[in-house]
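Trainee: Before anything else, here's the structure in question.
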Amino acid sequence: MWPLLWPLFLELALGMVVGAVATALASRVSDGAAGAFALTQQLQATLFIFFRIIGAGMGVVITQALGGGQREAADAMARAALAASTWVGLTCAALAWAGAQPLLRALNAPAELLPLAVAFLQWMAPGLVLDAWNASMGSVMRSHLRARDSLMVLIVMNTGQLVLATLWMPTFGLVGFAWALIASRVVALALHTLLWTQRLNLRPRWADWWQWRPVEVRAMLHIGLPGAAENIAYRIAYTATMAVVASLGLPALAAHAYASQIMFFVLLAGLAIGLSLEILIGHLIGAGRLHEANRLLRRALALGLLTSVLVALGVALAGPWLLRAFTQDAGIAAQAAGLLWLVVLLEPGRTFNLVVINALRAAGDARYPVAVGAGSMLVVLAGGAWLLGGPLGWGLTGVWLAYVADEWLRGVLMWRRWVRLDWVPAARGVRRRLRGLQRTAG
């Protein structure tokens, strides 16, 4: 797992560094700019769920095909994913551009932040198309176990974005961040195209960028729709919690933004383990090696739990010092520091989800996580945040306690699914499908 794990970890860390630096730069303009940045980033993540309908299934079906020795099928999936990314990315960009103001109003964006946030979201809209292409091409590289090449692209992209954002944001504000993002994504797209040709012997043709391939897309949707439904449920619930946070006022919104940026670094280890595990288990399931997949999951989960708890404790202890990079407001810093201690409770539960859900999806058991998880997200996460943060008067602490409860409930249920081996029938179904493809090809 290590050859995949460390490049994925560094990829994610670089992305987090860019986000944290951008938040810090925005906070130097004003706490209002930091709040507008947080709201806009949340909306972008919500819109990007449309891409995950394809993306969640793409990596799984490609790794399964490669594990089963079906290289031609894997290449067909990669080409289909590229075209699907074009159409989904354009849809997301159009929604961001045309619907910026109503979408931000739906998040209860404070009136004083609305003009700034609307302009920022509209400038960021073209980046959604570029992000969709780069995410697809990077996922294909990792599915072929080319994680180091993918890391190289991300290093160039994120370093470039960081340098440009640092240069442009003090002068142009949030618009400077949008320009930096777009420029860096164009460079990354060129590098991904070059690496597809040189490393994978997979040269994108003009038609690959736009031609819809229904057979391959259906295979991706078989895994991707349940995965996307889970993401949609989470984003709807999380967006509802952001509306609760925004209703608490600008200080609460800023504290939430700063604590969230720091928390993202804590979840890096669990997220990297989950993503690398999905790739490896997909290969093992495609090859019919179910016992090895089971053992690998247990080792990966133990590593993830240990790492996440230790990192969360370290971050909570260092919280007051870390927050100095974001704000000089003592009240906001104290509120955010308190939230970091809740991260110590949250992260073990989140690690169960990040690791086990990815393993279930790689095994072909994609429907259970959404069937079980959606109820918890909408009732425990969204409903709990509203109840604790609003009527019960617990404020921002109540919202974050709802995060903790939701992660733990879903995490325990996913682990129960795995240890009872309820995923095995789906994994055997994947193997039967691949054998059918092999007979057809032969």
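Positions of Cβ are set from backbone N, Cα and C atoms, glycine also.
Whatever TrEMBL says is automated annotation, not expert-curated.
Per TrEMBL, the features are:
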TRANSMEM  45-68  transmembrane segment
TRANSMEM  80-100  transmembrane segment
TRANSMEM  112-130  transmembrane segment
TRANSMEM  151-170  transmembrane segment
TRANSMEM  176-196  transmembrane segment
TRANSMEM  236-258  transmembrane segment
TRANSMEM  264-288  transmembrane segment
TRANSMEM  300-323  transmembrane segment
TRANSMEM  329-347  transmembrane segment
TRANSMEM  368-388  transmembrane segment
TRANSMEM  394-413  transmembrane segment
Trainee: For the transmembrane segment (329-347), name the stretch out of 45-68, 112-130, 236-258, 264-288 with the most CB-CB pairs under 8 Å.
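Mentor: Ranking 45-68, 112-130, 236-258, 264-288 by Cβ pairs under 8 Å to the transmembrane segment (329-347) puts 236-258 first.
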Trainee: Report, as numbers and ranges, every residue of the chain located at least six residues beyond the transmembrane segment (394-413) whose Cβ falls under 8 Å of a Cβ in that stretch; write 'none' if there are none.
Mentor: 237, 241, 244-245, 248, 252, 255-256, 335, 338-339, 342, 345-346, 348-353, 356, 369, 372-373, 376-377, 380-385, 387-388
Trainee: What stretch in 45-68, 80-100, 151-170, 264-288, 368-388 has the biggest tally of Cβ pairs under 8 Å against the transmembrane segment (236-258)?
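Mentor: When the Cβ pairs under 8 Å are tallied, 368-388 comes out ahead.
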Trainee: Between the transmembrane segment (264-288) and the stretches 45-68, 176-196, 368-388, work out which stretch tops the count of Cβ pairs under 8 Å.
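Mentor: Stretch with the highest Cβ contact count: 45-68.
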